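For Arg49, Gly50, Asp104, Asp105, Leu106, Val107, Asp108, Ser109, Gly110, Lys111, Thr112, the entry in TrEMBL reads 5-phospho-alpha-D-ribose 1-diphosphate binding site. Per TrEMBL, the feature Mg(2+) binding site maps to Asp105. If you look up TrEMBL, you'll see Asp108, Ile151 marked as xanthine binding site. The feature GMP binding site is assigned by TrEMBL to Asp108, Ser109, Gly110, Lys111, Thr112, Trp150, Ile151. Summarising the annotation, TrEMBL assigns guanine binding site to Asp108, Ile151. Residues or ranges marked as domain 'Phosphoribosyltransferase' in TrEMBL: 16-161.
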Amino acid sequence: MSETHRLPHEKGFHISWDQIHRDSRALAWRLDGRGPDDGGWRAIVAITRGGMAPAMIIARELDIRTVDTISVKSYSHQDQGVAQILNRPDPELMGDGTGILIIDDLVDSGKTLELVREMYPQAHFATVYAKPKGEPMVDTFITGVSQDTWIFFPWDMALQYVEPYRGTD
Ligand SMILES: O=P(O)(O)OC[C@H]1O[C@H](OP(=O)(O)OP(=O)(O)O)[C@H](O)[C@@H]1O
Ligand code: HPA
Ligand SMILES: [Mg+2]
């Protein structure tokens, strides 16, 4: 990967499938029993696409069978654009969001969650990772990373050869 592709983020945080599985499970356990008193979580809504993998793991852990999606696009590579809603879940299911768990892989600037929060103010918003700017937008998260870190998810990576630390002859 070229340097220009990594900029302006100074650090890279590379997450394996195993790590996202463990962190998503930790998020599920933290959310367990935190739904409304009269019946718990009614449904999980994943913010596509990044929220889909954690949402599946959380739905499995918490035995929630109703899973829907909201499609939001805000980044092209590492460049942020205007967040757009491309597809929304069933309005009858959602109401004002009461009893709905909305899951994303991470919150960065908070723009994506801000947009979704406006639509479902009573929902509970949870992400696996969070950067400081976006933290006020999320109710529950597992791991915080600095704002100048770019998180690389396993679905965006592949195993490849790396040079030995001491180089080769
Ligand atoms: O807090 P924000 O600054 O809004 O950024 C966070 C959002 O950006 C990424 O999604 P992206 O729009 O890149 O789409 P994707 O999930 O399809 O990769 C990520 O999955 C979050 O949804
Ligand atoms: O750090 C990040 N990693 C992957 N996708 C993202 N979308 C916003 N911030 C990030
Ligand atoms: Mg996303």
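Cβ atoms are placed via backbone N, Cα and C, with glycine included.
Structure with TrEMBL features highlighted.
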residue: Arg49; record: 5-phospho-alpha-D-ribose 1-diphosphate binding site; DSSP (3 states): coil
residue: Asp104; record: 5-phospho-alpha-D-ribose 1-diphosphate binding site; DSSP (3 states): strand
residue: Ser109; record: GMP binding site; DSSP (3 states): coil
residue: Trp150; record: GMP binding site; DSSP (3 states): strand
Quiz item: How many angstrom lie between the most widely spaced Cα atoms of the GMP binders Asp108, Ser109, Gly110, Lys111, Thr112, Trp150, Ile151?
Solution: 17
Quiz prompt | Sequence-distant neighbours of the residue listed as 'Mg(2+) binding site' in its chain (C-beta under 8 A, six or more apart) | solution = Ile20, Gly50, Gly51, Ala53, Pro54, Thr127, Val128, Tyr129, Ile151, Phe153
Practice problem: Rounded to the nearest Å, what's the C-alpha distance separating Arg49 (5-phospho-alpha-D-ribose 1-diphosphate binding site) and Lys111 (GMP binding site)? Just drop the number here, would you? | Solution: 16
Practice problem: Look at the binding-site residues Ser109, Thr112 and tell me which residue has the greatest number of other C-beta atoms within 10 angstroms of its C-beta. | Solution: Thr112
Quiz prompt | Residue among binding-site residues Arg49, Lys111 with least C-beta crowding, 10 angstrom cut-off | solution = Arg49
Self-check item: Gly110 (5-phospho-alpha-D-ribose 1-diphosphate binding site): tally of other CB atoms within 10 A of its CB
Solution: 18
Self-check item: DSSP residue counts for the domain 'Phosphoribosyltransferase' (16-161), split into helix, strand and coil
Solution: 48 helix, 49 strand, 49 coil
Self-check item: All-chain count of other Cβ atoms within 10 Å of Asp104 (5-phospho-alpha-D-ribose 1-diphosphate binding site)
Solution: 31
Practice problem: Around ligand 1, within a Cβ distance of under 6 Å, which of the binding-site residues Asp104, Thr112, Trp150, Ile151 show up? | Solution: Asp104, Thr112
